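All remarks here apply to the structure that follows.
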């Protein structure tokens, strides 16, 4: 028990730097954005107390009640975020838009690990589930809703670093003249932002140990300064926490108070990170860190600012509501430095979160393939995406240079934040009914209470469309268009493959030799199909007269779970009779799984086939030689999950341009160090002679070399298609396809071992 509590305390300490950076720096700009122009600070302090009351109850209701007590419980096998909720719904209601889903995927141990029983057929949950499964329109709405939340997270990854760093640097305004400050503030913010994005490729693990101390120091500073201001200037400011002052503010200022909600909203920026970063920590550690450290520190900081401002009405308007005005003169420079460091840490968290959610979208066919670099071999989930990093940097700099003030940056950031929260509320209400099988009144109560609060904030942010709120909307529209078109094109491509796949009968009609010369080696044909023979194979054999002695149809797919266990990774089956030596191998990954490099993956793949042959032979012996169906698929783990022996030798391999013995033209040899894997088949009376021969043939083929046959498809809209479809497929999708990365399976394949087969699809 002592060690478990020590582990929880350690995780809670680390979460302060990773999860709460963005939320902790919100006091830098909340009061300044709220009092920008919508409401004034009168001598009676009614507006000030009303704003403090709204800030207190907003922080209490949204991060504390909604996220800590409700949303954190809706984890997807320990993972959180918008796509985790969507993944939960996909598994419980069969609304997944992934094209190659199988019934066998539902047997994965994590597929319904957190399921809370089964709803009765007459219950509302069952009727709602049936409605979603029947109506494709509702499935598309659910997907678009998840994509909108994702797009706004990306927008937040652009706007949060801008407003955080800009607000931190704004403390220089009290140390220099107004004329000089205008020439220093924007360049200083841009330099810090460029440095922040330029250091991303090193990974957060190199400086991650500094994150928690920086945020803890920052929280200590703002809470200590808050306590000082409360006792020195206005000890009675605690009375403003009463909701009475919030209602008085709305009643007195009416439209001005409603529009001021757009600034108050900024006090909960970063709340979504509590859920999105759940995969790195535990529910308990995140709850402890928030309730014991972050929440009281933020409340003290806002109360301290209000206490100071309640006694100072004569300060110049430009500086009046800035955070640094309430900091004692002797502490301003140290606090400024800590604030800049805290802003960098908070920005780092949202940038890393943006990388993570884009990887999840790409895995679920909702984002073009990008290069994903894992910056740490020990810490799960720390990734770097070069293309996205530089795109975020350019957009972040553009926003900072164009806006140049906290007010418009706050309007833009606020709309992005509240949209993500609204999406989470909608998806969460469905999870309560479909996944938790709770009473529909509970879901309605959840969406009524929190949906109403967030709708008020959303409307107040949306009304400031021309004052900066247009930026996240424009960014979301662009990203949403690209993501939906990519998903639509991927589905159309899969539908074409399914409609034009070759039947098994066609293959059987070719005879044992498949009608062509079989040459030494293993041929891997990459396909998205989980059944049937892809059209690319028939296209290939009609143009080339030879093929490999062992042929594997390889399908690499993602399933709507965060992780697939190694022992459940491979599904292996046989196509046609044994003498054909044709296999199908389906490799399953979760949306947060890490793909192995090509050598390890190749070893695991060939091992899984050898293990399938061995287990099939054992099954035949134990079932009195009953025939096994050709479409039988067996779950096979990786090399480390079974008892079949392997030996690995680092040998000098001589790679020839081809593995065929019919090759007559000799090319220069390339000598390289390569890991050769030999399978040592244990002697067992249950393995018959034919199985031993098949295993030996697979091993011989592996030694001869592996060739990769990769399809390169070009899609065009059919003649007579609508103009919108032609634009989507012929222009947007083809542009994304040409500029996206190859599949992870293809990336590490040496050119000498690969063969591309081009085809034109009309969809």
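Glycine residues also receive a Cβ, built from the backbone N, Cα and C atoms like all the rest.
Just so you know, TrEMBL annotations are computer predictions that nobody has curated.
Given the structure is predicted, the values throughout are model-derived calculations rather than measurements.
Among the features that TrEMBL reports, domain 'K+ potassium transporter integral membrane' is placed at 11-507. Among the features that TrEMBL reports, transmembrane segment is placed at 48-69, 141-169, 181-199, 211-233, 257-276, 288-308, 333-358, 379-401, 413-434, 441-463, 469-486. The feature domain 'K+ potassium transporter C-terminal' is assigned by TrEMBL to 521-762.
When Cβ distances are compared across the two stretches, the transmembrane segment (379-401) makes no contact with the transmembrane segment (413-434), since fewer than 3 pairs at least 6 residues apart fall below 8 angstroms. The average pLDDT computed over the domain 'K+ potassium transporter C-terminal' (521-762) stands at 72.
Away from its own ends, the transmembrane segment (441-463) comes close to residues 58, 61-62, 66, 70, 258-262, 264-265, 411, 414-415, 418-419, 421-422, 425-426, 428-430, 432-433, 469 of its chain (Cβ-Cβ under 8 Å, at least six residues beyond either end).
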